[in-house]
Structures are given as C-alpha cells and as structure tokens.
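Q: Just passing along the structure, written as structure tokens.
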Amino acid sequence: MSLRSSADKKAPNAPQPSQEKQAKLLASDTGHFSMIKALHLADLITDLNGFCGFMSILSSMRYCLGPPDSFGNMWAALAFMPFGLFFDFMDGKVARWRGKSSLMGQELDSLADLISFGVAPAACAFALGLRTPLDTLFLSFFVLCGLTRLARFNVTVSSLPKDSTGKSKYFEGTPIPTSLGIVSGMAWCVWSGMVEGGSQGVLGGVWDLGFGGGVHPIVGIFVGWGCAMVSKSIHIPKP
C-alpha cells in the first residue's frame, strides 16, 4: 500500500470539491497538456517518488553493464529508494496541509510505490547476483504480490475500519514501502562484499537443483515478503 490515500482523509461517500474539479479538468479536451492543470502539488511530489524508483532501476542496469567490482552505480540504485520513501511521506503531508484530496493522487501513489518499492528492489537483487531463471521467477512473484496488494488496497480502503478522523485504523498486509528493509539488507551485503563480484560472492551461495541454473536461497526473503504483503490476517496499526 501507499502511505497516502485520499480515501483516508475524506469520507468515501462524499466527493470533495477539489476532486470534482480535478475530474472535470481531466475529462475536458482543452489541449495536449491540459492534464497538467489538473495535478495538485501533492500529485507532483508523488511523481518524484516514481522518478526515484525509475532512477534506481536505471542505476542497477548501469551496474550490470560495468565492472562487477565497481559498486558506484549500485550504491546510487540503493540510495534512490529511501528518497522515494521521503517523497511518499511528503505527498500525504502536503495534501493534508493544502486540504486537497485527489483520486488521481491515490492512483499515482500506488503506481509510484510499485516502481520504487516493488520493481526497483527486485532490479537491485537481480543486479547483485540473483540472476538464475528460478531467482527471477521468485523476484517476479515478489513484484506481483506488491502489485496485487496495492490494487487490493485501492478497492478495500473504503470498507476498512476507520478512526474518528476517517482514517483507516490499520494496513491489511505489510505496506509495500516496508521492502526498504530488504534494501537495507542488500546495502549491508554490498558493504560486506557478499554479492556477485564481491570478495565473498552472493550471501548463502547457490543451490544446484540440476535444473533452472539453481537457486540462491536468499531469494526466499523476497518470497516471504511478498506473502506478507498479500496476507489478509496481518494487520499493521497505522501511525
């Protein structure tokens, strides 16, 4: 889930004037760039979250193209994701400060979170050595769990229990930004040389299963994290 939702700020059955105005602007055909006028400041900040995620992915790709023992691009890839989290926090603060909720902002938030906290961590893991066919299958599972979790949140947020302010009381399943826990672990592995091209190789080595090029057991962390995101029984209280 994202850390911002217009449905968390306003009653779901009462469209706000700012939402109605934005919907009219988006539906109108007044020019090639008329959509820009419909964006709120918080929406632009959300776009910066997506920008950080995409830059992280590009940095991972640059690392794959360079010498395996030159980690400058990988450090950049890992650093962009916490910046994405910063913008993920800030968009909600700005939306509340300006008193403007945005249905488009809710959708942008989910898409940006998928890039920054789903695809980008998986791309980093691939760049750091989880590259066998089975590894990539499990990394895809992690990304798809994040995608499904975000879609579920957008569908069910209006039906979750609310507090006196109209904000959902808890997250259903672990929020996708918690994948920064994996990112911090990958940063430690890079620092310790326990990655492809490092002094010690990928942490945990590789299991040769006789097919699919084997599998790195550490990829199981991504599988477990994906399962936690789509869990129905895990309830994380909202701050």
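Backbone N, Cα and C atoms are what each Cβ position is placed from, and that goes for glycine too.
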Q: If TrEMBL is the reference, give me the range from 176-194, 214-232 marked as transmembrane segment.
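A: Checking TrEMBL against the ranges 176-194, 214-232, the transmembrane segment one is 176-194.
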Q: Any residues 6+ beyond the ends of the transmembrane segment (70-90) with a Cβ under 8 Å from its own?
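A: 2-4, 45-46, 48-50, 52-53, 55-57, 59-60, 62-63, 109, 112-113, 116-117, 120-121, 123-124, 127-128, 177, 180, 183, 186-187, 190.
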